[in-house]
Structure formats: structure tokens, C-alpha cells
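Below: one structure in C-alpha cells.
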Amino acid sequence: MTELNYMTGFGNEFETEALPGALPIGQFSPQKVKYDLYAEQFNVTAFTAPRAENRRNWFYRIRPSVIQGDYQAMDNGLIRTAPITEAIAPPTMFRWSPVEIPAKPTDFIDGLKTMAANGSAEGQAGIGIHVYVANQSMQGRYFYNADGELLFVPQQGALVLHTECGKLAIKPGEIAVIPRGIKFNVELLDESARGYICENYGHPYILAERGPVGANGYANDRDFQYPVAAFEDLEGNFELVAKFNGNLFRCDIGHSPLDVVAWTGNSAPYKYDLSRFCTMNTVSFDHPDPSIFTVLTSPSGTPGVANIDFVVFPPRWMVAEHTFRPPYYHRNIMSEFMGLIEGVYDAKEHGFVPGGMSLHNCMSPHGPEAEVFEKASNAELKPQRYENTMAFMFESRYVISPTKFALEGDHLQKDYTKCWQKIEKKFTGKA
Ligand SMILES: O=C(O)Cc1cc(O)ccc1O
Ligand SMILES: [Fe+2]
């Protein structure tokens, strides 16, 4: 892969130009822009959002975005949007095997399948949880999502995200976020690709607070990478696909919409290598809550209660003394959707495989399978390193509704809850 250049620093006010002098100096909207470019403002927060939260870009582009055809409705395929009304799910704990890579030619849009969603896209709260499975690059088509920002969590295959702001290359172990409304297409660098998408209808992601941990650690701002301007000057019969208010629409477009020669602002796509996450954990006893592993959070308006937390379980040392080290048995007001990028997750040594998923909804019990309990409650508690593993969780304050595809597809593991049934009664009443 050709090495791409990036700018660094979470949410910085960047400026970048692919041609010298393309970026106006000292003002955003000059009477004439250099190279006869068009100026266009792009806002993902209200004009009046407080300064610290305000996010917008100024694009200097070959044509303004209004030069496009009229939209027509498209088949939504297996893409769904909250609120999900097509199925009524019980509070059962669910687990899924990986969705298979299709045999027929499938690009990122064709291969998007919604597993679950919550909140309301129209109400700008909640999330959509999707998997993508693809075996070809998007050709002659571009996409944007008006319903929310897109967090990419690749599990198999490297991608290049060609966006209005420039290019981002990501591979398993890295993530990327494309803000609401940014146009892009997806190139596959390998034969096939699979991954997870969290579509965030709510407040754009920010970095989690550090509290008394101090000024450093967890996800550090400087490790977030942003693209430098790169433009396509292409004419042809292209298609622009929009996800808007829960449905897909398409229009013809006679040129590449990735024609931004220069931009400045703080609402650009970004990537992050999860191995940069500076993991904190106990050095004494007990199993800390997984909020210590939060990479990105979308606040909900209630302090400390997330619309969506993106949490990872990275390689790490386990040193806790006189402690049951795996995740504890648990019931939670927050709803937990998990995936596995690689390796083994410490609560489930069987059946939760890379590319797989699980859902433990609001107040539904979950925790270590029977074998893990036996092993961990009898293990010698030497320092132990968890290697080659990366699970993650989308944790949300809103109940997560699985789609019909998730509930009725072959990849639903119908025997999941059996993993707990062999947990023994050991109580005898004697100490
Ligand atoms: O349910 C899970 O596996 C996620 C989780 C992990 C953990 O370490 C503690 C609590 C928790 O919900
Ligand atoms: Fe949990």
C-alpha cells in the first residue's frame, strides 16, 4: 500500500491544500477563490453550538455540491434504521457467528447489513449497528450518510476510504470515523473485507474523560490521524448514494464529488490505531468496570451516560490478586453489543469468534461461560499477559433492537445460552 500522509490531533482545526495557495488566507469566503474553486461550508453542529463543541469545515472544491441529479428511492437491501419495528425481540442474550463474505460481486454499500439499532435516527439519538462484507471496491459510486457518523471497525481486509477531505487507509486493529454527511467511497486493498460499523445518530464522538488518571493515557489526542487534501478531477456517469432518514436514495452525478482541493476545519474523517490505546487496569485487586477501556464516547446529554461508548479490550497484563479475573457476572441498565477483531475474549473461550457478535441488552444477565468460571476460580494468580486479542463493545443507554436479519439469519447461534447452563450449584450451607 502506498504510504499516506496524515495530520494529527483529535478534533484540531486543520488546514490542508493539495495545490499551493488553494486555501484562502484570513477569510473563508473570498469574492474569487484561487484556481476558480468554489467555497462551501459544511456544518455537523448547529451554527450556534458552543464554540468548544462547534464542528464545521470549509471546502474549496472544483464544483459546489449542488451540481447533482434528483434523488430517487433505492432498495434498502438489508440496511435498517432505528426505530426498528419489523421484529419484537425478547431480552434473550444473543450471539452470532460471522456473516459470510458473499460469492457474487459485492461492494461496501451492497454488503452492508444491519444487525441492530436503537433510539431514532430522525431524533438524532441512538445508533445503528451494521456489518459489512465485500469483495470489490465501490466503482463509479459515492456514498454519504445524513443519519449519522460512521465508525468503521475492520475485522478482515484493509480498506482505503476516499473521502472529500482526502484518503485514510485502515486495516484490522485500526478504526476510522467518517462524520455525518461526508461523501466517500471504499476501496478494498485485499480480496475481501469484513467489519463492523457503528452508525452514531447522536452527538459526534469525543474522547472519554480521564478523571484522576490525569493528563495522559487511554486514547491520546495526538494519535488520531486526519487526511491531507487529495482531489479527484473526474467526469463520467457516476452515482451518488445517500442514506437519509432511514432510507437509501441515489442520484446521477456527472463528476466525482471528491473534488475538494483544499479544506480547513475540525470535522474531518479520522483514523486511530487501537494498539496506541494506553490501557489502564488494576494493579491491586478486583475487576474494574470496562469503562476504563473507552476509546470514543458520544454523550447523550445526561452527564456520564453515553449515547454510545466505543470500548476495546486490548492485549494487557492481568495481575489482580485474590480476584476472579474475567468479567464478572453482570446485569446492566446499559445495553452491550460486542464484536471480536482477533483472538479470544476472556469471558468466552468458545463460540465467540473473530467476526462474531453478541448482544446483552438492558438488564439481561451475562458473564463468563461455565468452563471459564471453573478455570478462573481455581487458577494460580500469577501475572499473565493476554496476547493477540482485541474484542470491542458498543455500549448504549438505549435498548438495542436486533433486526429481522439478525434474529432469523443462519448466523444466529441458537444454543448460545447453553454456555451458562452447566454452571454448578456449589453451595452447601457450610463454610
Ligand atoms: O459483558 C461483557 O463481557 C463486557 C464487560 C466486560 C468487563 O470486563 C466487565 C463488564 C462487562 O460488561
Ligand atoms: Fe457486561
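Glycine residues also receive a Cβ, built from the backbone N, Cα and C atoms like all the rest.
Per TrEMBL, the features are:
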| type | residues | note |
| --- | --- | --- |
| DOMAIN | 5-274 | domain 'Homogentisate 1,2-dioxygenase N-terminal' |
| DOMAIN | 275-427 | domain 'Homogentisate 1,2-dioxygenase C-terminal' |
| ACT_SITE | H287 | active site, proton acceptor |
| BINDING | H330, E336, H366 | Fe cation binding site |
| BINDING | Y345, H366 | homogentisate binding site |
Using DSSP and three states only, what is E336 (Fe cation binding site)?
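Reduced to three states, the DSSP call for E336 (Fe cation binding site) is strand.
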Listed recorded positions are H287, H330, E336, Y345; which sit with C-beta under 6 angstroms of ligand 2?
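Among the recorded positions listed, those whose Cβ sits under 6 Å from ligand 2 are H330, E336.
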Among all the protein chains here, how many other CB atoms are within 10 A of the CB of E336 (Fe cation binding site)?
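So the number of other Cβ atoms within 10 Å of E336 (Fe cation binding site) is 22.
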Around the Fe cation site formed by H330, E336, H366, list the extra residues of the same chain whose Cβ is within 8 Å of the site's Cβ centroid.
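So the extra residues in range turn out to be M93, P327, R331, N332, H360, S364, P365, G367.
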Calculate the distance in Å between the alpha carbons (Cα) of Y345 (homogentisate binding site) and H366 (Fe cation binding site), and round it to a whole number.
14
With the Cβ under 6 Å from ligand 1 as the test, give me the qualifying entries from the binding-site residues H330, E336, Y345.
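Listed by sequence, the hits are H330, E336.
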List the residues of the same chain that sit at least 6 positions away from H366 (Fe cation binding site) in sequence and have their Cβ under 8 Å from its Cβ, in sequence order, or write 'none'.
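When sequence neighbours closer than 6 are ignored, H366 (Fe cation binding site) has M93, Y329, H330, R331, E336, A347, S358, H360 within Cβ distance under 8 Å.
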